[in-house]
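Novice: I'd like to ask some things about the structure below.
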Amino acid sequence: MKDIRVRFAPSPTGYLHIGGARTALFNYYFARKYGGKFILRIEDTDRERLKEDSVQQILSSMKWLGIDWDEGPIYQSDRLDLYRKEANRLVEEGKAYYCFCTQEEMEKDREEQRKRREPFRYSGRCLNLSKEEIEKNLREGKPYVIRIKTSKEGTTEIEDLIRGKVSFDNSQMDDYIILKSNGMPTYNFACVVDDHHMGITHVIRGEEHLSNTPKQVLMYKALGYDIPQFAHISMILAPDRSKLSKRHGATSVEEFREKGYLKEALVNYLTLLGWSPGDETEIFSMEDTISKFSLDRINKTAAIYDIDKLTWMNGVYLRKLDLDYITQEAIPYLIDKGLIKKEEVEEKYEYIKRVVDAVREKVKLLPEIADASEYFFKDIEEYDPKGVKKRFKKEGVVDLLEKGKIALANAPSFDVETVEKVYRDLIAELGIKGGDIIHPTRLAISGRTVGPGLFDIISILGKETVIERMDKAIDFINKNC
């Protein structure tokens, strides 16, 4: 087998969209599975649509996802001489031609075809200009573009590695522009020149590029290049099967990162959007995917985006990944919420880690770790109103909290097992149901009715804080209930 070389070629016109990220992942998996090379190319020749910081945002998103490239980034804007050289070669070989048509002429042609309800195609006005006419126009400095000559007969066929045989009717072909009047190449020309000169063997890209394929196959043939193998990945659709857009929520990698999704979860989820490992497995690492990856497991049908599934998956990763890693990921959110200061992190790290370990069991996003752990870092300002009504207004609750406080104050140590034994012994001694004292104690020391296990909370907060909060709760009940 020829050495595999694939590429990801984003245009820097905005953030990295999840569709683009999935395409990058599939190329990356394919290269790594078969010991090939993954090349990153930046298609930056459309100067009007360029956004200054887009390249860095795309690179940052790819690095964050764990997609590393072997060559690049290679910028098309650095290769303009190559495109012009190849365009001029096509003209010299009679496979392309100068077009001097003005905007007014083109608009007139377009209007006439519109009246006839025909799709716009170039009229061929400049196709048969004489050598003398061309030289005269060039001497006079008339603006021009270069167009490729296309055959309008027969069909163009490709054997797509995902879709099988795909045929295109050449009668729909147009003598499309390959070099603009400003000297910039068009997409269908530049990408063919680049793919050849970069030795690309497999073009794995989104379904939206399928319609460009016959134009590109024509270009490969005109330039005398070997044609790579094509694989077109189905689109990602919204739940209502419409095109995924901003109205459906976050659509860029950066947005998901800012919302507190883990890269491991996002990569896992995007991989499942259109690809299957061949069994019912849903949670797997990048390494697992690489070992199982093949193009014949990519679905031909569109993938349906489901934010709930991604969020569920993120929760799974929050629970299963290394605690130190999750703690480091959570710390910026704790700082943003004002629960800790940056300079306190090193000193309080072990405490922070215990808190994260306790609360991560019931959260799905990183910001929720901060929300769920507020009472571990700040005094309780208020108690859950429903909890007050249900737990604090019960007869005898003050007496139970007093007994619980005394038992905890006398605990020989404050590890989870010891405080649980102290409370279980007290429950047995009083002959009450566990919930009779556990629920009001939780409300007293956390201000909330739900959260981690009570004995984890007690152990993490420590004896002094727990006793203080139970005293405060008893005082609150005596005054308000």
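Using the three backbone atoms N, Cα and C, a Cβ is placed for every residue, glycine included.
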Novice: Ranges 128-132, 238-242, 243-247, 288-292: which does TrEMBL label motif ''KMSKS' region'?
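Specialist: Based on what TrEMBL states, motif ''KMSKS' region' spans 243-247.
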Novice: What range among 10-20, 76-86, 164-174, 274-284 does TrEMBL record as motif ''HIGH' region'?
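Specialist: That would be 10-20, per the motif ''HIGH' region' entry in TrEMBL.
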Novice: With DSSP as the reference, give the number of residues of the motif ''HIGH' region' (10-20) in helix, strand and coil.
Specialist: 3 helix, 1 strand, 7 coil
